[in-house]
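Report on the structure given below.
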Amino acid sequence: MGDWSALGRLLDKVQAYSTAGGKVWLSVLFIFRILVLGTAVESAWGDEQSAFKCNTQQPGCENVCYDKSFPISHVRFWVLQIIFVSTPTLLYLAHVFYLMRKEEKLNRKEEELKAVQNDGGDVELHLKKIELKKFKHGLEEHGKVKMKGSLLRTYIFSIIFKSICEVVFLVIQWYLYGFSLSAVYTCERTPCPHRVDCFLSRPTEKTIFIIFMLVVSLFSLLLNIIELFYVLFKRIKDRVKSRQNTQFPTGTLSPTPKELSTTKYAYYNGCSSPTAPLSPMSPPGYKLATGERTNSCRNYNKQANEQNWANYSTEQNRLGQNGSTISNSHAQAFDYPDDTHEHKKLTPGHELQPLALIDARPCSRASSRMSSRARPDDLDV
């Protein structure tokens, strides 16, 4: 058997760029195929032709009978099978090496452009193009190649080709000599004078190895199928996830903590706020001076809107921002549906008036003495 170290070193590099199923497949290939084929199987088939005997003295009869019984040696057949099955993996490895070389070139070019940028050159467009190329080839992480794009397609192609090779070689093996060996082979072929019987050495041992290699081939085929479905499922999942991210971006507008902490937009009439469940209510003893009031929560929306405009106008006047103050006449009239009343809109003659707070409580004596504001019933001194 030849030296398998060169093929082993190449396949060992694929471990860093394979999925979990691919790593298991490589382990099966190394341990149960190459190792067993290089040690036990070769010694079992070492005397294959020399121990093949026929009950005839006719020169050349044994050679033609051996050629008819075994068109190709089992050992050489399995060597060809390993080579063909490993070829797609080697092609995938070649693609990985190509991307790594591409990354080295892009990194050198990027360093040159950054040096030009440090000198004051405008190379932002070229740097962005290099970043796009790295992202396209899956090179956005330094020193690691991501399985995406063309590399992912190459990997899927390698899995499919490996599976096809496994099936084809199993069919060929079954067609040539089946999955077991007989102790006696009958041969009737020129230059044999008549039908002769030929005998094979250690047929049971060889049959065991044939079944073992058959099981390993079926197991490798199963691993390839599982890995193929895993890669395809992951690819579909990533596409659906990326599509959802594009349709529903995570960056939604939300109120700032400053806006949430302000209490200038109050809600009254005993109805809770639609956005903030714990909104400040009116102080006890105070009432809103509104036109017509109902107990329906639908009217609360209209009153809250009027109160908000009044508060906003008062704050603008207090800050002294003349010219930007919004008068009540600019407030838009909102229609609120009601099941029992008709929709009413504000007419130009009925403008919204600021909501005033009416003190329904009598002032205490202490507050009267402490207050420095003149009252109508105060005595003139």
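Quick reminder: no glycine exception, Cβ is built from N, Cα and C everywhere.
According to the topological domains annotated in Swiss-Prot, Glu111 and Lys234 fall on the same side of the membrane. In the disulfide annotation of Swiss-Prot, Cys198 is paired with Cys187 out of the candidates Cys187, Cys192. Per-residue pLDDT, averaged across the topological domain 'Cytoplasmic' (2-23), gives 69. For the topological domain 'Extracellular' (45-76), same-chain residues at least 6 beyond its ends with a Cβ under 8 Å from one of its own Cβ atoms are 1, 37, 176-177, 185, 187, 189-193, 196-202, 206, 209-210.
Beyond the topological domain 'Extracellular' (177-207), the same-chain residues lying 6 or more positions past its ends with a Cβ under 8 Å from any Cβ of the stretch are 44-45, 47-48, 51-56, 58-62, 64-66, 68-71, 74, 214.
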